[in-house]
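Peer 1: Sharing a structure, written as C-alpha coordinates. Questions coming.
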Amino acid sequence: MNRRFPVWAPQAAQVTLVVGQGRAELPLTRDENGWWALQQPWDGGPDLVDYGYLVDGKGPFADPRSLRQPRGVHELGREFDPARYAWGDDGWRGRDLTGAVIYELHVGTFTPEGTLDSAIRRLDHLVRLGVDAVELLPVNAFNGTHGWGYDGVLWYAVHEPYGGPEAYQRFVDACHARGLAVVQDVVYNHLGPSGNHLPDFGPYLGSGAANTWGDALNLDGPLSDEVRRYIIDNAVYWLRDMHADGLRLDAVHALRDARALHLLEELAARVDELAGELGRPLTLIAESDLNDPKLIRSRAAHGYGLDAQWDDDVHHAVHANVTGETVGYYADFGGLGALVKVFQRGWFHDGTWSSFRERHHGRPLDPDIPFRRLVAFAQDHDQVGNRAVGDRMSAQVGEGSLAAAAALVLLGPFTPMLFMGEEWGARTPWQFFTSHPEPELGEATARGRIAEFARMGWDPAVVPDPQDPATFARSHLDWSEPEREPHAGLLAFYTDLIALRRELPVDAPAREVDADEARGVFAFSRGPLRVTVALRPGPVGVPEHGGLVLAYGEVRAGAAGLHLDGPGAAIVRLE
(Lines of atoms letter the chains of each structure in order from A; the text may use other names.)
(Lines give C-alpha, C1' and ligand atoms only; values in the text may rest on other atoms or scores of the structure.)
Protein backbone atom coordinates (compact mmCIF):
# COMPACT_ATOMS: atom_id res chain seq x y z
CA MET A 1 0.00 0.00 0.00
CA ASN A 2 1.68 3.18 -1.24
CA ARG A 3 0.81 6.24 0.84
CA ARG A 4 2.42 8.60 -1.61
CA PHE A 5 -0.75 7.92 -3.64
CA PRO A 6 0.86 7.75 -7.10
CA VAL A 7 -1.31 8.25 -10.17
CA TRP A 8 -0.49 8.47 -13.88
CA ALA A 9 -1.74 11.65 -15.54
CA PRO A 10 0.86 12.54 -18.21
CA GLN A 11 -1.02 15.41 -19.84
CA ALA A 12 -2.28 17.15 -16.70
CA ALA A 13 -0.91 20.49 -15.55
CA GLN A 14 -1.96 19.93 -11.94
CA VAL A 15 -3.10 16.95 -9.88
CA THR A 16 -4.33 17.25 -6.30
CA LEU A 17 -4.92 14.44 -3.84
CA VAL A 18 -8.23 14.54 -1.97
CA VAL A 19 -7.84 12.37 1.12
CA GLY A 20 -9.32 11.53 4.49
CA GLN A 21 -12.56 12.21 6.29
CA GLY A 22 -12.02 15.95 6.04
CA ARG A 23 -11.23 15.68 2.32
CA ALA A 24 -7.90 17.43 2.69
CA GLU A 25 -6.46 18.64 -0.62
CA LEU A 26 -2.74 17.99 -1.05
CA PRO A 27 -0.77 18.95 -4.18
CA LEU A 28 1.13 16.19 -5.96
CA THR A 29 4.46 16.40 -7.77
CA ARG A 30 5.03 15.08 -11.30
CA ASP A 31 7.98 12.95 -12.39
CA GLU A 32 9.43 12.66 -15.89
CA ASN A 33 7.13 9.74 -16.79
CA GLY A 34 3.88 11.49 -16.02
CA TRP A 35 3.35 9.96 -12.58
CA TRP A 36 2.16 12.25 -9.81
CA ALA A 37 2.66 11.56 -6.09
CA LEU A 38 3.20 13.12 -2.69
CA GLN A 39 6.84 13.90 -2.06
CA GLN A 40 6.60 12.20 1.34
CA PRO A 41 4.24 9.40 2.42
CA TRP A 42 1.02 10.69 3.95
CA ASP A 43 0.94 10.25 7.72
CA GLY A 44 -2.75 10.02 8.45
CA GLY A 45 -2.77 7.17 10.93
CA PRO A 46 -3.28 3.43 10.47
CA ASP A 47 -6.91 3.52 9.36
CA LEU A 48 -7.70 2.93 5.70
CA VAL A 49 -8.94 6.17 4.20
CA ASP A 50 -10.99 7.38 1.28
CA TYR A 51 -9.13 9.21 -1.46
CA GLY A 52 -9.34 10.49 -5.01
CA TYR A 53 -7.85 13.10 -7.31
CA LEU A 54 -8.60 16.49 -8.78
CA VAL A 55 -7.16 16.64 -12.29
CA ASP A 56 -6.73 20.19 -13.56
CA GLY A 57 -9.52 21.21 -11.21
CA LYS A 58 -11.97 18.53 -12.36
CA GLY A 59 -13.23 15.80 -10.07
CA PRO A 60 -12.51 14.40 -7.60
CA PHE A 61 -12.21 11.09 -9.45
CA ALA A 62 -11.42 7.63 -8.14
CA ASP A 63 -7.92 6.26 -8.64
CA PRO A 64 -7.81 4.25 -11.91
CA ARG A 65 -6.08 1.57 -9.81
CA SER A 66 -8.50 1.81 -6.90
CA LEU A 67 -8.90 -1.50 -5.09
CA ARG A 68 -12.18 -0.64 -3.41
CA GLN A 69 -15.16 1.59 -4.23
CA PRO A 70 -17.52 1.32 -1.25
CA ARG A 71 -19.94 3.98 -2.55
CA GLY A 72 -19.73 3.41 -6.28
CA VAL A 73 -17.50 4.31 -9.20
CA HIS A 74 -18.26 8.05 -9.18
CA GLU A 75 -17.15 8.45 -5.56
CA LEU A 76 -13.79 8.41 -3.80
CA GLY A 77 -12.09 5.06 -3.50
CA ARG A 78 -10.89 3.54 -0.26
CA GLU A 79 -7.46 2.16 0.52
CA PHE A 80 -7.25 -1.61 0.59
CA ASP A 81 -4.25 -3.71 1.53
CA PRO A 82 -4.57 -7.25 0.12
CA ALA A 83 -1.65 -8.36 2.29
CA ARG A 84 -3.72 -7.89 5.46
CA TYR A 85 -5.82 -10.96 4.70
CA ALA A 86 -4.77 -14.12 6.55
CA TRP A 87 -4.77 -16.64 3.71
CA GLY A 88 -5.37 -20.28 4.53
CA ASP A 89 -4.26 -21.73 1.20
CA ASP A 90 -0.55 -22.21 1.85
CA GLY A 91 -0.92 -25.85 0.83
CA TRP A 92 -2.57 -24.98 -2.48
CA ARG A 93 -0.26 -25.83 -5.37
CA GLY A 94 -2.64 -24.96 -8.20
CA ARG A 95 -3.25 -27.06 -11.29
CA ASP A 96 -3.05 -27.00 -15.06
CA LEU A 97 -6.54 -25.98 -16.13
CA THR A 98 -6.32 -27.37 -19.65
CA GLY A 99 -8.28 -30.60 -19.51
CA ALA A 100 -9.99 -29.58 -16.26
CA VAL A 101 -13.78 -29.32 -15.84
CA ILE A 102 -14.65 -25.62 -15.50
CA TYR A 103 -17.87 -24.23 -14.01
CA GLU A 104 -18.87 -20.74 -15.14
CA LEU A 105 -20.94 -18.66 -12.74
CA HIS A 106 -22.22 -15.11 -12.29
CA VAL A 107 -21.96 -13.99 -8.68
CA GLY A 108 -25.08 -11.82 -8.74
CA THR A 109 -27.45 -14.58 -9.90
CA PHE A 110 -25.79 -17.75 -8.58
CA THR A 111 -27.54 -17.35 -5.22
CA PRO A 112 -30.58 -15.34 -4.05
CA GLU A 113 -28.28 -12.98 -2.15
CA GLY A 114 -25.96 -12.47 -5.10
CA THR A 115 -22.78 -12.15 -3.05
CA LEU A 116 -19.43 -13.88 -2.90
CA ASP A 117 -20.02 -14.98 0.68
CA SER A 118 -23.34 -16.60 -0.22
CA ALA A 119 -21.63 -18.31 -3.17
CA ILE A 120 -19.20 -19.93 -0.71
CA ARG A 121 -22.15 -21.77 0.82
CA ARG A 122 -22.81 -23.46 -2.54
CA LEU A 123 -19.25 -24.59 -3.22
CA ASP A 124 -19.85 -28.02 -1.72
CA HIS A 125 -22.40 -28.61 -4.48
CA LEU A 126 -19.62 -28.05 -7.01
CA VAL A 127 -17.33 -30.42 -5.14
CA ARG A 128 -19.98 -33.15 -5.20
CA LEU A 129 -20.52 -32.48 -8.90
CA GLY A 130 -16.81 -33.03 -9.44
CA VAL A 131 -15.71 -29.87 -11.23
CA ASP A 132 -12.12 -28.70 -10.98
CA ALA A 133 -12.39 -24.93 -11.37
CA VAL A 134 -14.84 -22.08 -10.88
CA GLU A 135 -14.84 -19.35 -13.51
CA LEU A 136 -16.32 -16.06 -12.28
CA LEU A 137 -17.86 -13.62 -14.72
CA PRO A 138 -16.25 -10.18 -14.30
CA VAL A 139 -16.39 -8.82 -10.76
CA ASN A 140 -14.78 -5.43 -11.46
CA ALA A 141 -16.60 -2.28 -10.36
CA PHE A 142 -19.25 -0.84 -12.70
CA ASN A 143 -21.90 1.85 -12.39
CA GLY A 144 -25.15 0.46 -11.03
CA THR A 145 -26.10 -2.38 -8.74
CA HIS A 146 -26.39 -5.35 -11.10
CA GLY A 147 -25.21 -6.35 -14.55
CA TRP A 148 -23.22 -9.03 -16.32
CA GLY A 149 -19.98 -7.27 -15.36
CA TYR A 150 -18.61 -6.57 -18.84
CA ASP A 151 -19.08 -2.81 -18.52
CA GLY A 152 -16.53 -2.37 -15.77
CA VAL A 153 -14.74 0.95 -15.41
CA LEU A 154 -12.44 0.32 -12.44
CA TRP A 155 -10.76 -2.98 -13.17
CA TYR A 156 -8.91 -3.44 -9.90
CA ALA A 157 -11.90 -2.95 -7.58
CA VAL A 158 -14.30 -5.80 -6.76
CA HIS A 159 -17.93 -4.72 -7.27
CA GLU A 160 -19.08 -3.66 -3.81
CA PRO A 161 -22.57 -5.27 -3.96
CA TYR A 162 -20.76 -8.61 -4.34
CA GLY A 163 -18.98 -7.96 -1.04
CA GLY A 164 -15.88 -6.06 -2.11
CA PRO A 165 -12.27 -7.29 -2.18
CA GLU A 166 -12.22 -9.00 1.22
CA ALA A 167 -15.19 -11.15 0.22
CA TYR A 168 -13.32 -12.04 -2.96
CA GLN A 169 -10.34 -13.20 -0.92
CA ARG A 170 -12.62 -15.29 1.29
CA PHE A 171 -14.19 -16.85 -1.80
CA VAL A 172 -10.87 -17.81 -3.38
CA ASP A 173 -9.62 -19.16 -0.06
CA ALA A 174 -12.78 -21.26 0.32
CA CYS A 175 -12.39 -22.61 -3.21
CA HIS A 176 -8.79 -23.61 -2.63
CA ALA A 177 -9.73 -25.28 0.67
CA ARG A 178 -12.06 -27.51 -1.36
CA GLY A 179 -9.58 -28.23 -4.12
CA LEU A 180 -11.23 -25.86 -6.59
CA ALA A 181 -9.19 -23.53 -8.77
CA VAL A 182 -10.49 -20.04 -9.59
CA VAL A 183 -10.51 -18.46 -13.04
CA GLN A 184 -11.35 -14.76 -13.20
CA ASP A 185 -12.99 -13.33 -16.31
CA VAL A 186 -11.38 -9.99 -17.19
CA VAL A 187 -12.25 -7.44 -19.86
CA TYR A 188 -9.37 -5.56 -21.47
CA ASN A 189 -10.95 -4.68 -24.81
CA HIS A 190 -13.13 -1.74 -23.70
CA LEU A 191 -14.36 0.29 -20.74
CA GLY A 192 -18.00 0.64 -19.76
CA PRO A 193 -20.15 3.55 -20.96
CA SER A 194 -21.02 4.86 -17.50
CA GLY A 195 -18.64 6.04 -14.80
CA ASN A 196 -15.48 5.86 -16.89
CA HIS A 197 -13.15 8.65 -15.76
CA LEU A 198 -9.89 7.14 -16.99
CA PRO A 199 -9.73 9.54 -19.98
CA ASP A 200 -9.66 12.41 -17.47
CA PHE A 201 -6.29 11.09 -16.31
CA GLY A 202 -4.65 10.25 -19.61
CA PRO A 203 -4.86 8.64 -23.05
CA TYR A 204 -6.22 5.28 -21.92
CA LEU A 205 -8.46 5.08 -24.99
CA GLY A 206 -7.28 4.81 -28.57
CA SER A 207 -7.90 7.70 -30.92
CA GLY A 208 -10.65 6.65 -33.32
CA ALA A 209 -10.33 3.01 -32.27
CA ALA A 210 -13.68 1.46 -31.40
CA ASN A 211 -15.19 -1.99 -31.21
CA THR A 212 -18.67 -3.43 -30.70
CA TRP A 213 -18.86 -2.29 -27.09
CA GLY A 214 -17.24 1.15 -27.16
CA ASP A 215 -13.87 2.84 -27.42
CA ALA A 216 -10.93 0.45 -27.54
CA LEU A 217 -7.91 0.80 -25.27
CA ASN A 218 -4.83 2.65 -26.47
CA LEU A 219 -2.45 -0.26 -26.92
CA ASP A 220 -0.21 1.07 -29.67
CA GLY A 221 -0.54 4.85 -29.81
CA PRO A 222 1.42 7.62 -28.09
CA LEU A 223 1.89 7.04 -24.35
CA SER A 224 0.49 3.51 -24.66
CA ASP A 225 3.31 1.92 -22.65
CA GLU A 226 1.59 2.86 -19.39
CA VAL A 227 -1.80 1.69 -20.66
CA ARG A 228 -0.33 -1.73 -21.39
CA ARG A 229 1.32 -1.69 -17.98
CA TYR A 230 -2.08 -0.88 -16.44
CA ILE A 231 -3.52 -4.03 -18.04
CA ILE A 232 -0.61 -6.34 -17.24
CA ASP A 233 -0.41 -5.10 -13.65
CA ASN A 234 -4.13 -5.82 -13.32
CA ALA A 235 -3.60 -9.41 -14.43
CA VAL A 236 -0.79 -9.75 -11.90
CA TYR A 237 -3.04 -8.32 -9.18
CA TRP A 238 -5.72 -11.01 -9.64
CA LEU A 239 -3.19 -13.83 -9.88
CA ARG A 240 -0.67 -12.81 -7.22
CA ASP A 241 -2.50 -10.64 -4.70
CA MET A 242 -5.95 -12.21 -4.95
CA HIS A 243 -4.66 -15.77 -5.53
CA ALA A 244 -6.65 -16.53 -8.69
CA ASP A 245 -5.36 -19.45 -10.73
CA GLY A 246 -6.18 -18.21 -14.20
CA LEU A 247 -7.77 -15.49 -16.28
CA ARG A 248 -10.35 -15.71 -19.02
CA LEU A 249 -9.56 -12.86 -21.42
CA ASP A 250 -12.77 -11.47 -22.88
CA ALA A 251 -13.12 -11.04 -26.65
CA VAL A 252 -9.43 -10.70 -27.47
CA HIS A 253 -10.31 -10.34 -31.15
CA ALA A 254 -11.46 -6.82 -30.21
CA LEU A 255 -8.02 -5.75 -28.95
CA ARG A 256 -6.54 -3.20 -31.36
CA ASP A 257 -2.78 -3.60 -31.23
CA ALA A 258 -0.51 -3.02 -34.23
CA ARG A 259 2.76 -3.36 -32.31
CA ALA A 260 5.29 -6.01 -33.24
CA LEU A 261 4.97 -7.36 -29.70
CA HIS A 262 1.24 -7.93 -29.24
CA LEU A 263 -0.25 -7.26 -25.81
CA LEU A 264 -1.32 -10.90 -25.50
CA GLU A 265 2.21 -12.15 -26.10
CA GLU A 266 3.58 -9.65 -23.60
CA LEU A 267 0.93 -10.65 -21.06
CA ALA A 268 1.56 -14.37 -21.53
CA ALA A 269 5.30 -13.90 -21.01
CA ARG A 270 4.71 -11.96 -17.77
CA VAL A 271 2.24 -14.54 -16.45
CA ASP A 272 4.65 -17.38 -17.22
CA GLU A 273 7.30 -15.46 -15.28
CA LEU A 274 4.85 -14.92 -12.41
CA ALA A 275 4.01 -18.63 -12.28
CA GLY A 276 7.69 -19.32 -11.69
CA GLU A 277 7.80 -16.70 -8.94
CA LEU A 278 4.72 -18.12 -7.20
CA GLY A 279 5.59 -21.77 -7.70
CA ARG A 280 2.18 -22.72 -9.09
CA PRO A 281 0.71 -22.99 -12.59
CA LEU A 282 -1.26 -20.05 -13.95
CA THR A 283 -3.59 -20.31 -16.93
CA LEU A 284 -4.60 -17.76 -19.56
CA ILE A 285 -7.73 -18.61 -21.56
CA ALA A 286 -8.73 -16.40 -24.48
CA GLU A 287 -12.20 -15.83 -25.77
CA SER A 288 -11.81 -15.35 -29.50
CA ASP A 289 -14.05 -15.85 -32.51
CA LEU A 290 -11.14 -15.79 -34.97
CA ASN A 291 -10.39 -19.54 -35.02
CA ASP A 292 -6.73 -18.56 -35.16
CA PRO A 293 -4.20 -21.00 -33.67
CA LYS A 294 -1.70 -18.17 -33.22
CA LEU A 295 -3.29 -17.39 -29.87
CA ILE A 296 -2.29 -20.73 -28.36
CA ARG A 297 0.79 -21.43 -30.46
CA SER A 298 4.00 -21.24 -28.44
CA ARG A 299 6.00 -18.04 -28.50
CA ALA A 300 8.96 -20.06 -29.76
CA ALA A 301 6.80 -20.88 -32.80
CA HIS A 302 5.86 -17.19 -33.18
CA GLY A 303 2.52 -17.48 -31.41
CA TYR A 304 1.22 -15.56 -28.41
CA GLY A 305 1.71 -18.44 -25.97
CA LEU A 306 -1.72 -18.41 -24.31
CA ASP A 307 -2.80 -21.67 -22.72
CA ALA A 308 -6.27 -22.19 -24.19
CA GLN A 309 -9.05 -20.52 -26.12
CA TRP A 310 -12.82 -20.88 -26.30
CA ASP A 311 -14.21 -22.93 -29.16
CA ASP A 312 -17.59 -21.57 -30.24
CA ASP A 313 -17.69 -24.02 -33.14
CA VAL A 314 -18.15 -26.94 -30.76
CA HIS A 315 -21.01 -25.12 -29.09
CA HIS A 316 -22.67 -24.32 -32.40
CA ALA A 317 -22.36 -27.90 -33.63
CA VAL A 318 -23.76 -29.33 -30.39
CA HIS A 319 -26.56 -26.77 -30.13
CA ALA A 320 -27.69 -27.03 -33.74
CA ASN A 321 -27.77 -30.82 -33.70
CA VAL A 322 -29.38 -31.18 -30.28
CA THR A 323 -32.05 -28.49 -30.71
CA GLY A 324 -32.48 -28.44 -34.50
CA GLU A 325 -32.03 -24.66 -34.52
CA THR A 326 -30.24 -23.48 -37.67
CA VAL A 327 -30.94 -19.73 -37.83
CA GLY A 328 -28.27 -17.02 -37.84
CA TYR A 329 -24.79 -18.26 -37.02
CA TYR A 330 -26.09 -21.81 -36.50
CA ALA A 331 -26.84 -22.13 -40.23
CA ASP A 332 -23.58 -23.90 -41.13
CA PHE A 333 -23.77 -26.35 -38.23
CA GLY A 334 -27.08 -28.13 -38.82
CA GLY A 335 -25.81 -31.55 -39.90
CA LEU A 336 -23.93 -34.16 -37.93
CA GLY A 337 -21.02 -33.56 -40.27
CA ALA A 338 -20.33 -30.42 -38.25
CA LEU A 339 -19.99 -32.51 -35.09
CA VAL A 340 -17.73 -34.96 -36.87
CA LYS A 341 -15.47 -32.16 -38.05
CA VAL A 342 -15.06 -30.41 -34.69
CA PHE A 343 -14.32 -33.73 -32.99
CA GLN A 344 -11.69 -34.54 -35.61
CA ARG A 345 -10.22 -31.11 -36.38
CA GLY A 346 -11.12 -28.84 -33.46
CA TRP A 347 -12.82 -26.13 -35.49
CA PHE A 348 -15.52 -26.27 -38.13
CA HIS A 349 -14.54 -23.00 -39.80
CA ASP A 350 -10.84 -23.49 -40.50
CA GLY A 351 -10.66 -21.44 -43.66
CA THR A 352 -14.11 -22.43 -44.89
CA TRP A 353 -16.98 -20.24 -46.07
CA SER A 354 -19.08 -18.83 -43.22
CA SER A 355 -22.60 -18.06 -44.42
CA PHE A 356 -23.28 -15.85 -41.39
CA ARG A 357 -20.15 -13.74 -41.94
CA GLU A 358 -20.48 -13.97 -45.74
CA ARG A 359 -16.76 -14.65 -46.07
CA HIS A 360 -14.18 -17.33 -45.43
CA HIS A 361 -13.25 -17.70 -41.80
CA GLY A 362 -10.54 -19.24 -39.61
CA ARG A 363 -7.54 -21.38 -40.36
CA PRO A 364 -6.62 -24.98 -39.46
CA LEU A 365 -5.52 -25.83 -35.96
CA ASP A 366 -1.84 -26.77 -35.78
CA PRO A 367 -1.55 -30.58 -35.72
CA ASP A 368 0.66 -30.49 -32.62
CA ILE A 369 -1.86 -28.51 -30.53
CA PRO A 370 -3.92 -30.88 -28.35
CA PHE A 371 -7.68 -30.37 -28.20
CA ARG A 372 -7.55 -29.84 -24.42
CA ARG A 373 -6.40 -26.33 -25.29
CA LEU A 374 -9.85 -25.66 -26.74
CA VAL A 375 -12.60 -24.89 -24.21
CA ALA A 376 -15.91 -26.43 -25.25
CA PHE A 377 -19.42 -26.06 -23.86
CA ALA A 378 -23.05 -26.76 -24.67
CA GLN A 379 -24.16 -23.60 -22.84
CA ASP A 380 -22.45 -20.49 -21.51
CA HIS A 381 -23.40 -16.99 -20.42
CA ASP A 382 -23.17 -15.56 -23.95
CA GLN A 383 -24.98 -18.32 -25.80
CA VAL A 384 -27.84 -18.31 -23.27
CA GLY A 385 -27.96 -14.66 -22.28
CA ASN A 386 -27.67 -13.34 -25.82
CA ARG A 387 -30.76 -15.21 -26.96
CA ALA A 388 -33.90 -13.10 -27.30
CA VAL A 389 -35.42 -14.27 -24.01
CA GLY A 390 -32.32 -15.77 -22.40
CA ASP A 391 -33.75 -19.27 -22.64
CA ARG A 392 -31.53 -22.19 -21.74
CA MET A 393 -31.34 -25.37 -23.76
CA SER A 394 -33.73 -26.88 -21.18
CA ALA A 395 -36.49 -24.63 -22.55
CA GLN A 396 -36.05 -26.12 -26.02
CA VAL A 397 -35.47 -29.85 -25.48
CA GLY A 398 -36.08 -32.57 -22.90
CA GLU A 399 -33.74 -34.16 -20.40
CA GLY A 400 -32.62 -36.89 -22.80
CA SER A 401 -31.33 -34.32 -25.25
CA LEU A 402 -29.66 -32.38 -22.44
CA ALA A 403 -27.92 -35.58 -21.39
CA ALA A 404 -26.77 -36.15 -24.97
CA ALA A 405 -25.23 -32.67 -25.08
CA ALA A 406 -23.54 -33.27 -21.73
CA ALA A 407 -21.97 -36.52 -22.92
CA LEU A 408 -20.58 -34.81 -26.02
CA VAL A 409 -18.96 -32.02 -24.02
CA LEU A 410 -17.82 -33.87 -20.90
CA LEU A 411 -16.44 -36.96 -22.62
CA GLY A 412 -15.11 -35.20 -25.71
CA PRO A 413 -11.42 -34.36 -26.22
CA PHE A 414 -11.78 -30.69 -25.26
CA THR A 415 -11.56 -28.82 -21.96
CA PRO A 416 -15.22 -28.85 -20.89
CA MET A 417 -17.05 -25.94 -19.32
CA LEU A 418 -20.51 -25.92 -17.72
CA PHE A 419 -22.75 -22.90 -17.19
CA MET A 420 -24.27 -22.58 -13.72
CA GLY A 421 -27.46 -24.60 -13.36
CA GLU A 422 -26.86 -26.54 -16.55
CA GLU A 423 -25.99 -29.63 -14.54
CA TRP A 424 -29.57 -30.04 -13.35
CA GLY A 425 -31.33 -28.65 -16.42
CA ALA A 426 -32.27 -25.36 -14.75
CA ARG A 427 -35.54 -23.94 -16.06
CA THR A 428 -34.77 -20.38 -14.97
CA PRO A 429 -33.68 -18.17 -17.87
CA TRP A 430 -30.49 -16.16 -17.83
CA GLN A 431 -31.31 -12.87 -19.48
CA PHE A 432 -29.42 -9.71 -20.31
CA PHE A 433 -29.89 -7.31 -17.39
CA THR A 434 -28.52 -3.86 -16.60
CA SER A 435 -28.97 -1.18 -13.95
CA HIS A 436 -27.66 1.93 -15.68
CA PRO A 437 -28.52 4.95 -13.52
CA GLU A 438 -28.85 7.06 -16.69
CA PRO A 439 -32.29 6.46 -18.32
CA GLU A 440 -31.02 7.38 -21.78
CA LEU A 441 -28.24 4.78 -21.56
CA GLY A 442 -30.72 2.14 -20.48
CA GLU A 443 -32.98 2.96 -23.43
CA ALA A 444 -30.07 2.87 -25.86
CA THR A 445 -29.02 -0.53 -24.52
CA ALA A 446 -32.52 -1.92 -25.03
CA ARG A 447 -32.64 -0.60 -28.61
CA GLY A 448 -29.26 -2.13 -29.35
CA ARG A 449 -30.42 -5.53 -28.12
CA ILE A 450 -33.48 -5.46 -30.36
CA ALA A 451 -31.38 -4.55 -33.41
CA GLU A 452 -28.90 -7.32 -32.61
CA PHE A 453 -31.58 -10.00 -32.52
CA ALA A 454 -33.08 -9.06 -35.87
CA ARG A 455 -30.19 -10.77 -37.67
CA MET A 456 -30.80 -14.01 -35.77
CA GLY A 457 -34.43 -14.13 -36.85
CA TRP A 458 -35.78 -13.82 -33.31
CA ASP A 459 -38.92 -11.82 -32.52
CA PRO A 460 -37.82 -8.46 -31.07
CA ALA A 461 -41.22 -8.07 -29.41
CA VAL A 462 -40.35 -10.73 -26.83
CA VAL A 463 -37.00 -9.24 -25.78
CA PRO A 464 -37.20 -8.31 -22.07
CA ASP A 465 -36.22 -4.81 -20.96
CA PRO A 466 -32.66 -5.10 -19.56
CA GLN A 467 -33.38 -2.25 -17.14
CA ASP A 468 -36.48 -3.88 -15.65
CA PRO A 469 -35.54 -5.29 -12.20
CA ALA A 470 -37.75 -8.30 -12.99
CA THR A 471 -35.33 -9.28 -15.77
CA PHE A 472 -32.55 -9.56 -13.20
CA ALA A 473 -34.79 -11.36 -10.71
CA ARG A 474 -35.86 -13.99 -13.25
CA SER A 475 -32.22 -14.83 -13.97
CA HIS A 476 -31.42 -16.16 -10.49
CA LEU A 477 -30.97 -19.89 -10.07
CA ASP A 478 -33.71 -21.81 -8.25
CA TRP A 479 -31.83 -24.03 -5.81
CA SER A 480 -34.92 -26.10 -5.04
CA GLU A 481 -34.82 -27.58 -8.56
CA PRO A 482 -31.90 -30.01 -8.11
CA GLU A 483 -33.71 -31.55 -5.13
CA ARG A 484 -36.58 -32.87 -7.28
CA GLU A 485 -37.07 -34.80 -10.49
CA PRO A 486 -36.32 -34.67 -13.33
CA HIS A 487 -33.53 -32.32 -12.28
CA ALA A 488 -32.03 -34.66 -9.68
CA GLY A 489 -31.66 -37.46 -12.22
CA LEU A 490 -29.92 -35.22 -14.72
CA LEU A 491 -27.62 -33.91 -11.98
CA ALA A 492 -26.67 -37.48 -11.09
CA PHE A 493 -25.86 -38.17 -14.75
CA TYR A 494 -23.61 -35.08 -14.98
CA THR A 495 -21.85 -36.18 -11.80
CA ASP A 496 -21.27 -39.67 -13.19
CA LEU A 497 -20.03 -38.27 -16.51
CA ILE A 498 -17.45 -36.11 -14.76
CA ALA A 499 -16.29 -39.08 -12.67
CA LEU A 500 -16.03 -41.16 -15.85
CA ARG A 501 -14.04 -38.43 -17.57
CA ARG A 502 -11.28 -38.87 -15.00
CA GLU A 503 -10.58 -42.32 -16.42
CA LEU A 504 -9.63 -40.80 -19.76
CA PRO A 505 -6.08 -39.74 -20.65
CA VAL A 506 -6.21 -35.95 -20.90
CA ASP A 507 -4.86 -35.89 -24.46
CA ALA A 508 -6.73 -38.93 -25.73
CA PRO A 509 -8.17 -37.98 -29.12
CA ALA A 510 -11.63 -38.86 -30.34
CA ARG A 511 -11.32 -42.05 -32.43
CA GLU A 512 -13.72 -43.89 -34.70
CA VAL A 513 -15.98 -40.86 -35.00
CA ASP A 514 -19.17 -41.96 -36.73
CA ALA A 515 -22.46 -40.27 -37.58
CA ASP A 516 -25.75 -41.54 -38.97
CA GLU A 517 -27.61 -38.45 -40.17
CA ALA A 518 -30.82 -40.31 -41.02
CA ARG A 519 -31.16 -41.80 -37.53
CA GLY A 520 -29.61 -38.91 -35.60
CA VAL A 521 -26.82 -40.97 -34.06
CA PHE A 522 -23.30 -39.76 -33.25
CA ALA A 523 -20.62 -41.97 -31.72
CA PHE A 524 -16.95 -41.80 -30.83
CA SER A 525 -14.33 -43.60 -28.78
CA ARG A 526 -11.95 -42.05 -26.27
CA GLY A 527 -9.55 -44.01 -24.16
CA PRO A 528 -11.32 -47.17 -22.98
CA LEU A 529 -14.82 -45.83 -23.67
CA ARG A 530 -17.27 -45.84 -26.58
CA VAL A 531 -19.86 -43.05 -26.44
CA THR A 532 -23.11 -43.30 -28.38
CA VAL A 533 -25.41 -40.28 -28.50
CA ALA A 534 -28.98 -40.52 -29.79
CA LEU A 535 -30.35 -37.15 -30.81
CA ARG A 536 -33.80 -38.30 -31.96
CA PRO A 537 -36.57 -40.49 -30.53
CA GLY A 538 -36.41 -44.18 -31.27
CA PRO A 539 -34.20 -47.19 -30.55
CA VAL A 540 -30.49 -46.99 -31.30
CA GLY A 541 -28.11 -49.91 -31.29
CA VAL A 542 -25.30 -49.72 -28.73
CA PRO A 543 -22.21 -51.94 -29.03
CA GLU A 544 -21.86 -54.15 -25.96
CA HIS A 545 -18.06 -54.58 -25.94
CA GLY A 546 -17.00 -54.80 -22.31
CA GLY A 547 -20.39 -53.83 -20.91
CA LEU A 548 -22.56 -50.81 -20.30
CA VAL A 549 -20.97 -48.26 -17.97
CA LEU A 550 -23.45 -45.37 -17.94
CA ALA A 551 -26.60 -44.32 -19.76
CA TYR A 552 -29.32 -41.70 -19.77
CA GLY A 553 -32.43 -43.16 -21.31
CA GLU A 554 -33.72 -46.71 -21.20
CA VAL A 555 -31.27 -49.33 -22.43
CA ARG A 556 -32.80 -52.68 -23.38
CA ALA A 557 -31.07 -55.95 -24.10
CA GLY A 558 -32.33 -57.94 -27.07
CA ALA A 559 -31.28 -60.63 -29.45
CA ALA A 560 -29.42 -58.05 -31.54
CA GLY A 561 -27.65 -56.56 -28.52
CA LEU A 562 -28.25 -53.39 -26.53
CA HIS A 563 -30.67 -50.69 -27.64
CA LEU A 564 -30.93 -47.15 -26.28
CA ASP A 565 -34.26 -45.37 -26.52
CA GLY A 566 -33.34 -41.87 -27.67
CA PRO A 567 -32.84 -39.07 -27.09
CA GLY A 568 -30.09 -39.93 -24.66
CA ALA A 569 -26.58 -41.27 -24.34
CA ALA A 570 -24.94 -44.59 -23.57
CA ILE A 571 -21.31 -45.29 -22.69
CA VAL A 572 -19.76 -48.74 -22.85
CA ARG A 573 -16.31 -49.94 -21.95
CA LEU A 574 -14.24 -51.25 -24.83
CA GLU A 575 -12.86 -54.77 -24.47
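Glycine too: its Cβ is placed from the backbone N, Cα and C atoms.
Feature table excerpt (Swiss-Prot):
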type: ACT_SITE; residues: Asp250; note: active site, nucleophile
type: ACT_SITE; residues: Glu287; note: active site, proton donor
type: BINDING; residues: 248-253, 312-316, 381-386; note: substrate binding site
type: SITE; residues: Asp382; note: site 'Transition state stabilizer'
Peer 1: What is the total of other Cβ atoms whose distance to the Cβ of Gly385 (substrate binding site) is within 10 Å?
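Peer 2: For Gly385 (substrate binding site), the 10 Å Cβ neighbour count is 20.
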Peer 1: Which whole-number value in Å describes the distance between the Cα atoms of Glu287 (active site, proton donor) and Asp382 (substrate binding site)?
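Peer 2: Answer for this pair: 11 Å between alpha carbons.
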Peer 1: Quiz question: given the recorded positions Glu287, Asp312, Asp382, which has the greatest number of C-beta atoms lying within 10 angstroms of its own C-beta?
Peer 2: Asp312
Peer 1: Which of the three DSSP-derived classes (helix, strand, coil) applies to Asp382 (substrate binding site)?
Peer 2: helix
Peer 1: Distance check, please: Cα of His315 (substrate binding site) against Cα of Asp250 (active site, nucleophile), rounded to an integer number of angstrom.
Peer 2: 17
Peer 1: Could you check which of the binding-site residues Asp312, Asp382, Gly385 is the closest Cα neighbour of Asp250 (active site, nucleophile)?
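Peer 2: Result: the closest of the binding-site residues to Asp250 (active site, nucleophile) is Asp382.
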Peer 1: Through the lens of DSSP with three states only, how would you label Asp312 (substrate binding site)?
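Peer 2: Where Asp312 (substrate binding site) sits, the three-state DSSP reduction gives helix.
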Peer 1: DSSP three-state call for Arg248 (substrate binding site): helix, strand or coil?
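Peer 2: Once the DSSP labels are grouped into three classes, Arg248 (substrate binding site) ends up as strand.
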Peer 1: According to DSSP, does Glu287 (active site, proton donor) fall in a helix, a strand, or coil?
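Peer 2: Coil, per DSSP.
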Peer 1: Measuring CB to CB from Arg248 (substrate binding site), give everything in the same chain under 8 Å that is also at least six residues away in sequence.
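Peer 2: Correct list: Glu135, Val183, Gln184, Asp185, Val186, Ile285, Ala286, Glu287.
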